[in-house]
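These come from TrEMBL:
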- A:GLU36, A:GLU70, A:HIS73, A:GLU151, A:HIS184: Mn(2+) binding site (BINDING)
- A:ASP61, A:SER234: Ca(2+) binding site (BINDING)
6 protein chains.
Amino acid sequence: MILRYDRLAVELPKPKNPSPNDAAAVQELLGGKFGEMSTLMNYTFQSFNFRGRDRLRPFYDLTCSIAAEEYSHIEAVSYAINLLLTGTTVRGKDPVPAPLKDATDARNTYHFIASGQTALPVDSMGNPWTGANVFSSGNLKLDLLHNFFLECGARANKMRVYEMVSDPCARTMIGYLLVRGGLHVVAYAKALEKLTGVEVTKLVPVPELSNDAFPEAKKLQDQQKLHLKLYTFSPDDYKQAGIIWTGNHPEDGQPLEVIQGGFQGVPYPKLEEEPQLNSPGADDYDPDMFKDIAKKMGMKM
Amino acid sequence: MILRYDRLAVELPKPKNPSPNDAAAVQELLGGKFGEMSTLMNYTFQSFNFRGRDRLRPFYDLTCSIAAEEYSHIEAVSYAINLLLTGTTVRGKDPVPAPLKDATDARNTYHFIASGQTALPVDSMGNPWTGANVFSSGNLKLDLLHNFFLECGARANKMRVYEMVSDPCARTMIGYLLVRGGLHVVAYAKALEKLTGVEVTKLVPVPELSNDAFPEAKKLQDQQKLHLKLYTFSPDDYKQAGIIWTGNHPEDGQPLEVIQGGFQGVPYPKLEEEPQLNSPGADDYDPDMFKDIAKKMGMKM
Amino acid sequence: MILRYDRLAVELPKPKNPSPNDAAAVQELLGGKFGEMSTLMNYTFQSFNFRGRDRLRPFYDLTCSIAAEEYSHIEAVSYAINLLLTGTTVRGKDPVPAPLKDATDARNTYHFIASGQTALPVDSMGNPWTGANVFSSGNLKLDLLHNFFLECGARANKMRVYEMVSDPCARTMIGYLLVRGGLHVVAYAKALEKLTGVEVTKLVPVPELSNDAFPEAKKLQDQQKLHLKLYTFSPDDYKQAGIIWTGNHPEDGQPLEVIQGGFQGVPYPKLEEEPQLNSPGADDYDPDMFKDIAKKMGMKM
Amino acid sequence: MILRYDRLAVELPKPKNPSPNDAAAVQELLGGKFGEMSTLMNYTFQSFNFRGRDRLRPFYDLTCSIAAEEYSHIEAVSYAINLLLTGTTVRGKDPVPAPLKDATDARNTYHFIASGQTALPVDSMGNPWTGANVFSSGNLKLDLLHNFFLECGARANKMRVYEMVSDPCARTMIGYLLVRGGLHVVAYAKALEKLTGVEVTKLVPVPELSNDAFPEAKKLQDQQKLHLKLYTFSPDDYKQAGIIWTGNHPEDGQPLEVIQGGFQGVPYPKLEEEPQLNSPGADDYDPDMFKDIAKKMGMKM
Amino acid sequence: MILRYDRLAVELPKPKNPSPNDAAAVQELLGGKFGEMSTLMNYTFQSFNFRGRDRLRPFYDLTCSIAAEEYSHIEAVSYAINLLLTGTTVRGKDPVPAPLKDATDARNTYHFIASGQTALPVDSMGNPWTGANVFSSGNLKLDLLHNFFLECGARANKMRVYEMVSDPCARTMIGYLLVRGGLHVVAYAKALEKLTGVEVTKLVPVPELSNDAFPEAKKLQDQQKLHLKLYTFSPDDYKQAGIIWTGNHPEDGQPLEVIQGGFQGVPYPKLEEEPQLNSPGADDYDPDMFKDIAKKMGMKM
Amino acid sequence: MILRYDRLAVELPKPKNPSPNDAAAVQELLGGKFGEMSTLMNYTFQSFNFRGRDRLRPFYDLTCSIAAEEYSHIEAVSYAINLLLTGTTVRGKDPVPAPLKDATDARNTYHFIASGQTALPVDSMGNPWTGANVFSSGNLKLDLLHNFFLECGARANKMRVYEMVSDPCARTMIGYLLVRGGLHVVAYAKALEKLTGVEVTKLVPVPELSNDAFPEAKKLQDQQKLHLKLYTFSPDDYKQAGIIWTGNHPEDGQPLEVIQGGFQGVPYPKLEEEPQLNSPGADDYDPDMFKDIAKKMGMKM
């Protein structure tokens, strides 16, 4: 089970140049074969399906910790997409002047027809994420190898999308993903090492370009050491992840650290209304009607 | 962001008659169009994409609370499938006697080839869950109407799968889903009522058959009042869900209640190893090697 | 535009042995790549998209006539499936004895979970029909060649499904399809002949086995000459189809005939309720309530 | 069975600015999840599959009537797409100057490669319509609820595509769809009301924006009262639809009316040849050759 | 089994104007329903699955010969795509200036995210090729008819993509495909003739436009007679293809010829590195390290 | 380009117990995500797309060699499936006694409807192989890592299908695949070693079970040393694969060897006719008619 809290892992600046095609490109990191839906669902199902977990608890705990963090990644990518799409059409309620006219040339028309200028579980070509992306063989060595490859493939995608979009909102989010995804690359490499004795961490980085080439990532590594800290994303469980996440980072030699719990995070960015899309609509709804109820229930509104 | 804790929402008895075809049928409730992957992902994306949430906070909070609970549902269905598949093949490591022979006639061969006799995000025909199942129009009234319909459709599926499988493990899980899914039906109906004034709750139940016809569901309603309690599944957030979840239940008239946080739950059931599938394999791994590390880190192994 | 009338093209006997797996096999003729959804939609879109139709009117009219008939084919296959599924589970409203137990071993579980034991636009493996099956190149010669091939492929499928199922309900329907599909094979061959001068009709039958091998088909050919009569399925239009549908049948040399309008048909077979599926449910609905309205409106109920 | 007649429901002006990307956007209303292929096929299959129809005849008749009308909608959307694509490339037969050059940047290249600049059963991203879009649970209340939701979702899509394209051809067609789709929203709401007593019609419009905001729709409502008239689209059948379609319209209070039969409609717009696409080709075909046959058969050519 | 040799069938000029959207359009000829993946896989599976091949050896041999040639077609299309994509982004290793910025507006973003600016088995809309495109009924007449149709459909696609792209690299490749695909059209027509006596070759060309309209194709036909020569693409086998490939070409009456073996071809074009994509990366790899090994093994490096 | 020769890599015994469900299971090794279509197409596209190949020639040559061998694997799996399906239905031409009756309960009905009891590019659930299975990032290290993982995943699937089917025909084929796939695992591991210095070969076997557990595989390793010999599958090219394929086998320490060219192989097994499926049909075809032509052409018939 999970408890959700209303915070985003990373603070995203408001885009300087909202852009539907930038948003469309970033969708690859959400609903693509190597997007965050894939990492989230792969590790989640592997954790549900983990046989013999008493004997192999540290590997189970590591998988659970990373799985839980991936939720914060689909969230961060979604918010970046939402911000990149906010304000890209003419605001207003009159359909006659064709306020969504520019959307006709946008690469991903689902953003404007199926959603209210927001994220969907699709990739950069608008193809939906599919459960066929989940690998859960049940063989620990094979699953770990898969996860190591998946994170490396995801890293390549992040690097390339970074090279496509230059807006600070997108790049801040991708920098964050590069750091945390990079940590997951190392984590699965270390798990394979612990299991087999082969020095898999020496393969990293795959692809070869270091995170130092991405200023937003470098800053998070330099200032917050976010490439070193494995969070369990659990109040009390998954402590044995620390049996795997020990020693030093293979790239800069700094000591690794396990932190019980999740990131503190920041409040979600505000998503403005898009009235021409009737998003959210409900203009007649009167929140005051329910103030009394709220007061009695001790809520602040 | 989420925090995960290592508990299952409902205690599942060990199956009396593990059965691959029962497991295949139950997959509909996990990866089908109306399965729990769909409810989880619909509400999750709607919550990320919710525009104008300050003005419409109670609806946002309700969506977030239910979204968070759905995670416990994919978990519960997955464990039921895993238990139904455990022990359905001959145990052993010698491939020569064809220990998976019976799997050749199983309806879902992915359970035996792609997984270690465990759950996958596919439906009862083995077709993968797809992001195309996510509806997130951004229009509040339309999204709520969708959610109300989705929960009713999901309810129909649960009733029918219940009628297909009689093993107590599956039925305990489905009984639980009927109760909680039934609560979600009412919750979205109430949200539509609050928004529009139309008495949508009077439409329930859809389909017409009451939960009382399902003994496992009835027991949870009678003994634990689980059809009345909305959990926020959050340490501190989503309190305004309570502005919608007020009054009495439309079927039995009992008072509704909001509970901050999640279920206490029970420990996960044990998933035995399936050695002929190399699941989990790793026979040479020596957990003792890491006991010292664990001791220093203050863990119990 | 169309006008629909409440009649079925062919009288289907009630199945002797209703069978989910027979129904699953017959689905190929509805939602398969070569099923009736494909013939219906191919010709329908080709007719909407027909450029230069003034100059090439007879080909347009032929396509429209056949397109309209195909509607009666999806209907006939659907009813056969529905009848084959009717009564295959235990009737009753109590879910506890698992009235759908046998469905757990059925090849197509969608019949029992997604539908009330009725037809769906899927093939014999449960895979949905897709618009990718529609070919509409706009080049007349190529579209006719496609249609000729499509009908031959459809014919092969019909022959094979006939060899799989022996129930009279299914076979009566397939016999009908073999005759009418055979007529469409000849029609497109004749169209190619008219367009190019090449004696395409001499290629038939493809596959080589004659309809005479199928008693239900032979009967319709012998008694009703249904292999000779092209119906326009229109009150007044599509007359120029007769410019192509002239001469004699390539197999038995009998004269071809065009008939303005559609088949007379027979009343739809009765589809009994399946209460354990809540299909149709609505037990509380009181038709008498509306008798007065009906009376005023001059309807008989 | 159906009878087809060679008329289009609505007169479409020739586009002022034919545009491939406008055509691509409009495809959502044809082959999208909420497009007219979906409404057509949902109600068609529900009508074939309707169990217990004697007892619940009015609901069956309503479904059949609307199903039959939807055929005219796929037709209308297809013709609008065809007109928007007509003349968008350089006419001529010489491939050397790259007459389709501009198509390289068009969003939907299938329009130029797979078709002769005409409609296909795909959505605004070029993804094919799929039978997975058909919902046919067999439970009447659930199917009606689905249909009500489907029509509301379709309405949102129509509104948004209207806001994307400003060409009068597209907007005339969409205005027509908004009116007739709006009528279907009300029809399914009334059906639910009749079945359950809950005032579902008070929920409309979903989304909240009135058809009055769309001049082409408003005109059809004001002048032809097209939002009030349910057509049975049958020569003689489906009369009991009138038991449901009674009373007044929930938005403007005007009296509802049932009309036996279909629209009169207008002749199909002329689709010019596109010779660079070999559409239709057949330049050597000599229609005169068949004039004699036609004369004998009493046809006018 | 196959032996591969490192040569390309046709010499491709370096593109004058590399263009992602040209490359995207050409993908239809690789991974589209009528692309070379389809012809390759159809004939390959038909050859594996050919029953009764002793009795019908010439048809088997013909299918095998053409199947083997199709490999050279997927190769030729892939190289054309690769060349059209080479150099379309800013070279360099620094991600900060967004070297892939232009890719954000490219129609096929997979070229830049999933590949290193190279070909993928997808169509012009980025949808993946699927095994559902393979037709292998086992009935010889039907399979030949299919193949004849498939080649005609493929021919239409080639003509249309030729009309979309004007770069000499793409057109040289398409001209080659038109000639060889045209030969395959005739080959399957002749096979049907041999089998049935019907003069199917008289139907060609479908569509009607002659290869003479395409200068690059005409040149290959005039100078190299490439429309007349069937290659067995085998060292010693498939000789009986010559029993079908006899007589004269139906369009220009020149004598047909069978050649044992494959084309001589030309060296593959050089594919430059794209460092911003880390393609191929491996900058630290030192080929000199392995020179000694190579020398001992008698290789030239 | 390729040259094809009419030989199968491995001699397959005629099945003792032909079985549709065994054949359906084996399909996973052909058209599954980890089937031979995937290995073939992954390495083929990676070889076409290989940038910087002069600098990294040994890796290119290795990829080409393995890609070419994979063709023999899709062939071997297909023949095994074809043999397992041969004779599984009643032979004869009369459809009336329902000769395909048993096929109604077969898991893969496509084998009987879409094919003449032969292989299709689909997986064990009948889902078609898709181009989405091809990974071709262009980054050498990442592509090699992918290939290493892909081969390990394929190995797990082979092991599991071996455990499902016991017929000697299937097992001989799988034994062969285990040996050759195992060699490919090692080959990609060695390539990664050469590129990075990390001892990736020490990870094998993944999954942990040795090929020695599979008698048919063990025999090929013991008697023919087939786990040691890399074939270039080219008359003259791809020699530098030998720079990578050097040293000893990581499991048994025996010396590795490169062989220029392909396997000698054996004649294809005979595929009997299945007349009830009209496969191949063409009963009227008279091969004698063409004997004269053959004689003149110097062929033996």
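Just so you know, glycine gets a Cβ as well, placed from its N, Cα and C.
Fair warning: this is a prediction, and the values are worked out from it, not measured in the lab.
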Exercise for review: For the binding-site residues A:GLU36, A:GLU70, work out the Cβ neighbour count at 10 Å and name the residue with the minimum.
Suggested key: A:GLU70
Practice item. Return the residues near A:ASP61 (Ca(2+) binding site), defined as same-chain residues 6+ apart in sequence whose C-beta is under 8 angstroms from its C-beta, sorted by sequence, else 'none'. Key: A:THR232, A:ASP237, A:TYR238, A:LYS239, A:GLN240, A:ALA241
Review point. If you draw a 10 Å sphere around the Cβ of A:HIS184 (Mn(2+) binding site), how many other Cβ atoms fall inside it, taking every protein chain shown into account?
Key: 26
Review point. Which chain neighbours of the Mn(2+) site, leaving out A:GLU36, A:GLU70, A:HIS73, A:GLU151, A:HIS184, have a Cβ atom within 8 Å of the mean position of the site's Cβ atoms?
Key: A:THR39, A:LEU40, A:TYR43, A:ILE66, A:GLU69, A:ALA154, A:LEU177, A:ARG180, A:GLY181
Review point. To the nearest whole angstrom, what is the C-alpha distance linking A:HIS73 (Mn(2+) binding site) and A:SER234 (Ca(2+) binding site)?
Key: 16
Study note, to complete from the structure: A correct count of other C-beta atoms within 10 Å of the C-beta of A:GLU151 (Mn(2+) binding site) gives 24
**Study point:** Fewest-neighbour residue among binding-site residues, criterion Cβ within 10 Å, set A:HIS73, A:SER234
**Key:** A:SER234
Study note, to complete from the structure: If you measure between the CA atoms of A:GLU36 (Mn(2+) binding site) and A:SER234 (Ca(2+) binding site) and round to the nearest Å, you get 19
Practice item. Express the distance between the Cα positions of A:GLU70 (Mn(2+) binding site) and A:SER234 (Ca(2+) binding site) as a whole number of Å. Key: 13
Revision key, fill the gap. Expressed in Å to no decimal places, the gap between the Cα atoms of A:SER234 (Ca(2+) binding site) and A:HIS184 (Mn(2+) binding site) is 17
Revision key, fill the gap. Contacting chain B at Cβ under 8 Å, from the binding-site residues A:GLU70, A:HIS73, A:HIS184, A:SER234, are A:SER234
